[in-house]
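Chemist: My structure is below; once you've seen it, I'll send some questions.
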Ligand SMILES: [Zn+2]
Ligand SMILES: [Zn+2]
């Protein structure tokens, strides 16, 4: 029986706003940033936290009993039967899916999150597009409210309004601003602690000061949508920027006499580098090159917009009209690339099956590395339990995936079954 998208949204939203349950999975092939292990099992408690993992069946049975699961009860235990067990995917830069954007209010957030969740993205930072400041503040308050209801929403990513006009991409040029201190304070206050990251062009008059201001408030600033030279980008990272927003896209590229912002990010071990692995935003040879630049520091992001997991056609990005042809989204007005239709499931599939990346490295780029960029790979105030690995103490964010196709078949977020 296939359910409609409306039914899926209702079911996923109910699961995420409901309680977690103990989980016991055995006979899996575990793949995470620490490597591959066969005959693997994992047990999580009723709080949605992994309590034990291992490879011998006897300890599996005692771990099951410790969380109140009867190891003889076939209905309570999931037999992975050799399928892949990975941590849930963590997307720190995406705008929407299933015809909705994260800017579209509470119902839009439910729909777009469900679209990503059933494809294995258990946690997501909701990227908000450039808009008039009052609209951004309203959107960020919607994210704040959702965070209190459910565990899967990590907070907001403000992509704008502090972007370089010359590298605006699909953002509305009328709304771009210089990040003067008063405006930064106003946004921080409206957000009430829910901004996880913000993209800033460091060469703006108040760019470096704003990076310092956001970093001091616990936000991770990101260098991007910029036309910065190497020195200015380096000053941005020294001021506290911990992320490079979608490397290669919406920034001056590599040049041997004008190195630009990319080498400044690559050489700095504190910086996580976002990469849109869809083969279109960044073509395959550059994905391979870029992935090799910074081992363990490349985070796959989708930058997915409303048309993600939808047919081609007409969509909106903020107030701007977008046309999607062959899955490629472009502004109607000037043909600029307007976000992707990528899922992290597909980014990992492409990395392993098409580009030939080592599977633990591909999984790491969609799990531990993005979690680390936001300090969520250790106990923290946002998720409580850390994200990104299958190990005791980590959140029970688990995926069972087909080993041949890398399609995600079953999904748990913090012990809640989503698929
Ligand atoms: Zn962008
Ligand atoms: Zn974006």
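One is the number of the first residue shown, and numbering goes on along the chain from there.
The backbone N, Cα and C atoms fix where each Cβ goes, glycine too.
Straight from TrEMBL, here's the annotation block:
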DOMAIN    85-403  domain 'Amidohydrolase-related'
BINDING   159, 225, 246  Zn(2+) binding site
BINDING   170, 249, 250, 257, 281, 337, 338, 339  substrate binding site
ACT_SITE  303  active site, proton donor/acceptor
Chemist: What is the maximum Cα to Cα distance, in Å and rounded to a whole number, among the residues 170, 249, 250, 257, 281, 337, 338, 339 annotated as binding substrate?
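Modeler: So the binding residues stretch over 30 Å, Cα to Cα.
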Chemist: Pick out which of the binding-site residues 246, 257, 281 has the most other Cβ atoms within 10 Å of its own Cβ.
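Modeler: Of 246, 257, 281, the one with the most crowded Cβ is 246.
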Chemist: Near residue 339 (substrate binding site), which residues of its chain come within a Cβ-Cβ distance under 8 Å, counting only those 6 or more away in sequence?
Modeler: 95, 170, 303, 304, 305, 317, 322, 329
Chemist: Roughly how many angstrom lie between the C-alpha atoms of residue 159 (Zn(2+) binding site) and residue 338 (substrate binding site)?
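Modeler: A Cα-Cα distance of 13 Å.
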Chemist: Just checking: which of the recorded positions 249, 281, 303 have a C-beta under 6 Å from ligand 2?
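Modeler: Near the molecule: 303.
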Chemist: Between 0 and 100, where does the mean pLDDT of the domain 'Amidohydrolase-related' (85-403) sit?
Modeler: 97
Chemist: I want the residues beyond 159, 225, 246 whose C-beta is within 8 angstroms of the mean position of the Zn(2+) site's C-beta atoms, in chain order.
Modeler: 93, 160, 163, 169, 171, 199, 222, 224, 245, 249, 250, 303
Chemist: I'd like to know which of the binding-site residues listed (250, 257, 337, 338, 339) lie near ligand 1, counting only a CB under 6 Å away.
Modeler: 250
Chemist: Which of these binding-site residues has the least crowded Cβ, counting other Cβ atoms within 10 Å: 337, 338?
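Modeler: Comparing Cβ neighbours within 10 Å for the binding-site residues 337, 338, 337 has the fewest.
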